[in-house]
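I have placed the structure first, in the form of structure tokens, so that the comments after it can refer back to it.
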Amino acid sequence: MRKQIAAANWKMNLTLDKAEALLDGILSENINPTENGQVVVAVPFPYLIMVNEKVAKRKGYAVAAQNCGNKKSGAYTGEVSVEMLSSIGVEYCIVGHSERREYYGEIDEILQQKLVLCLDENITPIFCCGEALDVREKGKQNDFVKTQMEKALFDFSASELKKIVIAYEPIWAIGTGKTATSEQAQQMHAFIRSVLAGKWGEDVAQDVTILYGGSVKASNAEELFHSPDVDGGLVGGASLNAAEFIQIIKALKH
Ligand SMILES: O=C[C@H](O)COP(=O)(O)O
């Protein structure tokens, strides 16, 4: 079975004391994900070391950055390089979240540079794609997501592509409480997998973990995650509550 991932994205929330308390709460239940299961906690840069120290001891848990610089190193004030992330033990990095695309002007070329740097440093990128409401209302969501994939992913070889996790996050479902139905999620995930198969072949497509993100919560996680092409979730708001996120971890396919 492909890797099944419950990924928390804390976004720009929590002070250090609250971040520590939340993490301790998440770790308190001692859930060991199955062989194919992985819990990833994507936290603000200042908390990466603290979180990594706690999760490194736990099988099946890993820390993620929410972003990284698109240059290797140098005079880029305020940026954090992939090499720095790697040097402190970060294993995953979110790339191309819609909030980065929308508020920080991250265009496809920048995202592709970040993906290359992550793969060079053996950090698993979680590449986000997904359409806005107006695109879905026009029925153009498949074309839109395929174009995002073509622009950011299509230059990679099959072996590189297999190291990337994809997160489908319809923008209209992020932080809105309006979750895609499990049918909508499954349809898009199957479509994404068919795009991967068309470019790299069916075997490669079957190996790629595709997460769903957008108002995942304890009450809908199991239904979403049990769709055949949904391999877990990238969870924002509900990951800020330990009890909710623990239920989401438990909802991963076994
Ligand atoms: O990265 C997470 C997504 O943006 C989903 O956020 P949300 O669960 O608050 O809707």
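Using N, Cα and C of the backbone, Cβ positions are placed for all residues, glycine too.
Marked as active site, electrophile by TrEMBL: His97. The C-beta environment of His97 (active site, electrophile), restricted to residues of the same chain at least 6 apart in sequence and closer than 8 Å, consists of Asn9, Gln66, Asn67, Cys128, Glu169.
Sequence annotations record features per position, and here TrEMBL assigns active site, proton acceptor to Glu169.
Within 10 Å of the C-beta atom of Asn9 (substrate binding site) sit 27 other C-beta atoms, taking all shown protein chains into account. Annotation source TrEMBL lists substrate binding site at Asn9, Trp10, Lys11, Gly175, Ser215, Gly236, Gly237.
Taking a Cβ distance under 6 Å to any atom of ligand 1 as the criterion, the binding-site residues Trp10, Lys11, Gly236 reduce to Gly236. When the binding-site residues Gly175, Gly236, Gly237 are compared by the number of other CB atoms within 10 angstroms of each CB, Gly175 has the fewest. Secondary structure at Asn9 (substrate binding site), as computed by DSSP, is strand. Using a 10 Å radius centred on the Cβ of Lys11 (substrate binding site) and all shown protein chains, the other Cβ atoms total 18. In sequence order, Ala19, Leu22, Val41, Ala42, Val43, Pro44, Gln66, Ser239, Leu240 constitute the residues six or more apart from Trp10 (substrate binding site) in its chain with CB-CB distances below 8 Å.
Counted over all residue pairs in Asn9, Trp10, Lys11, Gly175, Ser215, Gly236, Gly237, the record's binders of substrate, the longest Cα to Cα distance measures 14 angstrom.
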